[in-house]
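Annotation comment: TrEMBL describes C:12-37, C:57-79, C:91-115, C:135-159, C:198-218, C:238-260 as transmembrane segment. TrEMBL lists C:58-260 with the feature domain 'ABC transmembrane type-1'.
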Amino acid sequence: MDNKPKKWSYIYLVFVFILMYAPIFYLIFYSFNKGDYMNGFDGFSLRHYQDMFADTRLMEILVNTFIVALLSSVLATLIGTFGALGIYNTKHRTTKNLLLSLNNVLMVSPDVIVGASFLIFFTMIGMSLGFGSVVLSHIAFSIPIVVLMVLPRLNEMNPALIDAARDLGASNYQVLSRVVLPYAWPGILAGFFMAITYSLDDFAVTFFVTGNGFSTLSVEIYSRARQGIDLSINALSALMFLLSLLLVIVYYFISNYSVKSSKKKRGGAAGMVVHQ
Amino acid sequence: MAQPIIEFKHVAKQYDDTVVLKSVDLEIEAGKFYTLLGPSGSGKTTILRLIAGFLEASSGDILFEGERINDVPAEKRRVNTVFQNYALFPNMNVFENVAFGMSIKGKPKNEIKAKVAEMLELVKLGGYEDREISELSGGQQQRVAIARALANDPEVLLLDEPLSALDYKLRKDMQYELREIQKRLGITFIFVTHDQEEALAMSDWIFVTNEGEIVQNGTPVDIYDEPINHFVADFIGESNIVPGVMREDYLVSFAGKEFENVDGGMRPNEQVEVVLRPEDLDLVAEEDGKLVVTIDDQSFRGDYYEITAHDDDQNEWQVQATNPAVIGERRGLYFDPEDIHIMRLNESEEDFDARLEQYDDSEEDEEGADEQ
Amino acid sequence: MSNKRTFSYTVPYILWLVLFVVAPVVLLIVQSFGNIYGHFTLDNYATYFSSGTYLRMTFNSVFFAFIVTVITLLISYPMAYIMSRLKNAQFWLLLVILPTWVNLLLKAYAFIGLFSKTGTVNNFLSFIGIGPHQIMFTDTSFMIVAAYIEIPFMIMPIFNSLVELDRSLINAARDLGATPWQTLTKVIIPMSMSGVKAGIQAVFIPTLSLFMITRLIGGNRVITLGTAIEEHFLVTQNWGMGSTIGVILIIAMAATMFFTRDRKKKGGRRRG
């Protein structure tokens, strides 16, 4: 058992990885198809990429999606970081546990519930659906992941560092800006990246709160996919895959940096999980 | 006597129902090396944190140069701390750590640079400015922590068990160096430790704490030679403690015999405890001894043999001897009248000091009693 | 002394907790007791529990989620086990995680191409002489796609629990005379149960609510709790009934978490 894995286990491993990646590469492969369908490769062509870039509606949605992602992740990171500080500073155990449980409610709730309840909420306060409601929703569901990324960093910080800074004359603000935030920085950065991916990846919540005028990439892909095959979506998926790859690599380096600086062997890839 | 730099008046600290410090009084004079010595949980670190300003006293006054500082926040106190695990900022290098306090105050760059260099020189880390904290050994981190605290020009330096993470050899070196630094700078050091050997080696004055109280204070020699009670005798150095009865002044009875000694001022036939240090006992021939003991065990300790024996009353005796003994052999135990130290049960520190002054002034140096 | 100022930093976070965590859930529950005119009523619940359609839909949804969870577990456990033994385990984990960063809709879209009547899978089936079949818009296709999407979320927690498992325990079991099979069933599997439970939570609950997959792949044949909620909120505009199903889904979620909770943790055992 402790000796090396046997040959069949490698075969199984490779087989599962092929299953996991086949549909993705299948999509990318057909994005280069001369023909219009995903059956039978008629020859190499970049025309679906040209179509995609010429599709002004799609490009506009792409820009919207990134604006929503950046705006919501910056704000969620701000709010979430200070939320994590608040939880960290809460001494009362019951209050702390209550805050932590409430923090995780949106993480464990199914997306439809989150989407439906936000829809009721926005309607209730009379907010019209569109860009604003989408950004607010994305901020809302990204905050807990930021908290979960920042809080462990704060918890592993030696509390004597805060005493030491105050002992050397730092005010509350200086303790925060010079010691606590720099120390938590890898966690904050990781939280920011997770918030971006959460936002880029979200479909269900956006679908509920987007109304008619405004659309993000996920919603657009959904409505186009319901009408059937469109190979410019394949081209888009190739680009999105590259982007994901880039984000994963960036994230991996961030988390490895934080692992190195805290001299811990854990972490690494384990934190980078996006759930639908 | 000059005005004390730090003074505690009936300072107490409690969390909800747990009392960690019962009404403590103490005075710290400028320019000396003080040690707070006690087992963990005895309140010594609480006293340190109260001085630093990390804790607020539940009652009582804390004075700094005669002014009440209970409500002055830590960052405004002219006191700096060397923390137990150093608490160096991991996101800054050596220079930035040492410069932290000065850059907070907005001192000019060249002044900071010169001061950091001076401080690193002082702790023998000259030229280490650009090193990262993670590249330093434990001993070097310790030195950076000292330099960082001293760079702020504190009037009092607080050291919270700073040597506990170092290995034995390094600890010895640092004890010596800390003492040197304190003498050179002439500022007050308050050192917290649970290591009695360390306390005896370094301090001008020791406060022994136990269960939230200061049980005894004095010079290392006083405390070693005249422990006030069972706890202090046991905690500081090795001790043989046996029950006895004070027949009259200068005559005590224990282990079934009467002995001449140098203590007095007690009621006739008062129940007391008798302390004899193992290094004051000599093994002699059976007929030359004041007591007769049977050797039970011995172990070699490098520079001496530690021998355990028992007398005919079944009291256990520890003896440090330069020559080995034979297990099972009967030997005489010899000691001088001055080696016998008497402890009254439940004697307060005031009474203890008063009694010593009254009866012992021929031998004591004056310092022992003038504190209160 | 610094409490007041730190508190002001946290105001936006507290506001978020109240407005986006507590309020929406409360509103959803209130809504479930309202009819289309906004009056208080128990009608929605009465309808739900008396209607065969709703109950059958709920049963189907739970059943599908159960099958999908079992399939992913069967595929993922050996996978996680093999990965945890490899030298560059973290790299393989990264490879498992990468597909989760690809947009869910794109993955579902890929299967539309694969499963369509003239798609690649049917071409292959015809080639080996057993096709073509209607694959799209069937229960099977829904379950395959759902399982495909959920596999990484099952592998990860199991992998983590296996990596944390102390190697010397396995050696100890072997040393005490256990066969490899006994070591697996008596030591390794029981000790990785917390990972399995976390994986079940991570797969079962979302599968109950995956409405986009049922729409794209299952056609309108497969209806899950999630699809029903979407239908009532966005198509028929019957929010009261939609909220009622939402409450049912929340209860199902709570039940799942209750049955798969980590009992050992409650006893104060902490890992890592």
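From the backbone N, Cα and C atoms, a Cβ is placed for every residue, glycine too.
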Stretch of maximal Cβ-Cβ contact with the transmembrane segment (C:135-159) [cut-off: under 8 Å; candidates C:12-37, C:91-115, C:198-218]: C:198-218
Most Cβ pairs under 8 Å with the transmembrane segment (C:12-37), selected from C:57-79, C:198-218, C:238-260: C:238-260
Per Cβ pairs under 8 Å, the stretch of C:57-79, C:91-115, C:238-260 packing most closely against the transmembrane segment (C:198-218): C:57-79
Same-chain residues near the transmembrane segment (C:238-260), Cβ under 8 Å, at least 6 residues beyond its ends: 25, 28-29, 31-36, 41, 43-45, 47-48, 54, 58, 62, 197-198, 200-201, 204-205, 208-209, 225-226, 228-229, 231-232
Sequence-remote partners of the transmembrane segment (C:91-115) [C-beta within less than 8 Å, at least six residues beyond its ends]: 83, 121-122, 135-136, 141, 144-145, 148-149, 152-153, 155-156, 159, 212-213, 216-217
Positions whose Cβ lies under 8 angstroms from the transmembrane segment (C:57-79), at least six residues beyond its ends: 139, 142-143, 146-147, 150-151, 153-155, 158, 196, 199-200, 203-204, 207-208, 222-226, 228, 248, 252
